[in-house]
């Protein structure tokens with residue numbers, strides 16, 4: 001059995017050794033939930049990796065979006081090159097959920113483009129979990145969404161080994177039952193037979209196939225072949241073919257499921273007709289009958305997940321199977337950026353239910369489709385294994401779950417300390433922001449200003465522009481591609497000041513920023529809560545000269561808590577640097593060079609009209625914007641962005 005072994009040129013430093021020790025000892029004592037409070041740049045990922053290495057248990061790391069998950073995945077792969085590090089996120093390149101808008105009588109069919117590589121990685125993840133112990137899965141919150149039964153997925157595998165006797169026709173039938181397609185084209189999830197040679201392209205491989213050579217009904221040899229070069233890369237003693245779908249179902253079980261679907265359909269049609277909903281009755285009858293016929297013929301259909309209650313043998317309202325059900329009971333779970341991820345997990349169920357209820361009411365789906373859903377928060381809580389919440393600003397939920405006990409990691413390898421916080425009167429704040437900005441710009445640095453309203457951001461931007469400051473603003477009305485272009489301009493110095501409303505959601509990581517100005521810091525609310533203030537203050541922590549000015553006529557409870565926490569961290573960091581002779585250095589980070597092949601994008605009031613590159617990251621940002629509209633039931637806006645994605649995908653760099 002393989003063991004976790006970190007490969008790194010660096011050893012644990014600063015607070016890392018103590019954090020690793022405390023977390024590991026807590027797990028050993030049976031502590032179910034712990035908090036790692038780690039400031040940005042302190043090496044939280046290395047700490048997580050070290051705990052996994054110490055405990056030698058399978059691990060799941062949950063991030064709040066695909067981009068962050070991808071970063072963590074790459075880091076973990078570097079730390080564990082000889083172990084199974086897997087990536088499990090939604091496999092849609094874009095996704096417009098099925099929806100119905102009653103007021104305009106518009107039905108929007110589910111429209112999705114499945115990313116084949118991500119689908120392959122999902123299969124690789126579930127296969128690794130079921131076959132080995134040295135596995136780390138980095139996932140987005142999609143890991144709490146419904147997935148096929150792990151028991152069926154595991155039971156329906158086809159083990160093949162040298163010397164094994166198996167009828168060729170029987171093997172082909174089994175592969176078809178696992179949703180593999182027969183054909184001459186060699187692509188993932190297919191197989192072909194030429195004479196006594198069966199070539200299988202496994203669901204979890206990107207470019208390797210298995211070549212099974214038979215002598216009569218006996219397997220003579222098994223080779224792993226590079227599909228691009230046609231060269232054998234390994235001779236294998238045995239392989240296990242996993243299903244090409246997580247919703248694969250044995251034929252007898254499938255027929256039982258179809259019978260139950262038929263029963264529900266008849267009840268549904270009778271109910272619609274009884275309530276004089278003739279159109280809805282005909283609609284559900286036609287759509288469901290078509291799906292039933294497809295499943296009878298091929299074992300699957302479009303939207304098969306909506307019948308998961310029956311396919312997985314679940315009772316009405318019973319929690320769906322998810323990735324969590326595939327994991328061993330002794331697995332470790334890390335919730336990264338828990339102050340964002342936990343609220344996201346909490347909100348998933350309700351948004352999904354509202355959308356599906358609309359479809360059911362108007363005859364587009366059977367009521368059982370409600371069971372194709374994410375876990376409720378309570379269900380997720382009941383499935384938690386040994387868990388570590390990771391954040392620079394843990395939320396109330398996390399600290400309550402651990403009775404206020406946290407493991408701190410405050411020291412950065414670069415020696416950078418948290419910025420100095422200054423409180424100034426709110427009266428006259430505009431004039432002072434201008435003066436402070438000009439002074440900071442003259443030293444070659446950038447400025448971030450956070451305002452409370454879009455109008456204030458626009459007015460301040462206009463005022464600064466009139467006096468010759470290169471400025472732009474960001475808020476929710478600024479489109480994704482424009483937003484990315486503005487941030488790039490700030491990094492390169494085309495813009496010196498960036499004004500925003502909620503700069504937290506921009507994910508700004510700007511080493512050139514030496515000043516953050518928080519206007520109306522004493523106006524209590526989400527944007528001026530303790531967590532938001534600490535996160536905003538952290539925007540200046542990438543620069544050794546970082547300062548934060550909070551404009552307020554009174555010091556609120558949130559302000560005091562945020563400033564006290566920042567000062568506490570700074571004192572710890574300065575003391576450590578002094579004791580170890582460390583001189584802080586600003587982070588050096590290259591500006592992305594992906595703005596070369598350009599297409600025209602409409603400019604904003606905050607910047608001149610110019611062009612912006614369309615990269616993979618651009619498309620991902622738009623997809624997130626589209627999903628946000630869909631979650632808010634703004635399906636027409638989501639549809640508009642989906643169309644924009646389709647156009648821009650043709651211009652990706």
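Glycine is no exception: its Cβ is also placed from the backbone N, Cα and C atoms.
Bear in mind that the values here come from a model prediction, so they are computed numbers and not experimental data.
Some features that Swiss-Prot has for this protein:
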DOMAIN    25-182  domain 'Helicase ATP-binding'
BINDING   38, 39, 40, 41, 42, 43, 44, 45  ATP binding site
MOTIF     91-114  motif 'Beta-hairpin'
DOMAIN    429-591  domain 'Helicase C-terminal'
DOMAIN    616-651  domain 'UVR'
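On the 0 to 100 pLDDT scale, the domain 'UVR' (616-651) averages 70 in the predicted structure. According to DSSP, residue 45 (ATP binding site) is assigned to a helical segment.
The sparsest Cβ neighbourhood within 10 Å, among the listed binding-site residues (39, 42, 43), is found at 43. All protein chains shown were included, and the count of other CB atoms within 10 Å of the CB of residue 45 (ATP binding site) stands at 19. Within 8 Å of the centroid defined by the CB atoms of 38, 39, 40, 41, 42, 43, 44, 45, the record's ATP site, lie the Cβ atoms of 47, 392, 409, 412, excluding the listed residues themselves. The Cβ of residue 38 (ATP binding site) has 15, 19, 44, 47, 390, 391, 392, 408, 409, 410 as same-chain neighbours under 8 Å, each 6 or more residues away in sequence. Cβ neighbour count for residue 40 (ATP binding site) (all protein chains, 10 Å cutoff from its Cβ): 16. Residue 41 (ATP binding site) is surrounded by 17 other CB atoms, counting those within 10 A of its CB over all protein chains shown.
Taken residue by residue with DSSP, residue 38 (ATP binding site) is part of a strand.
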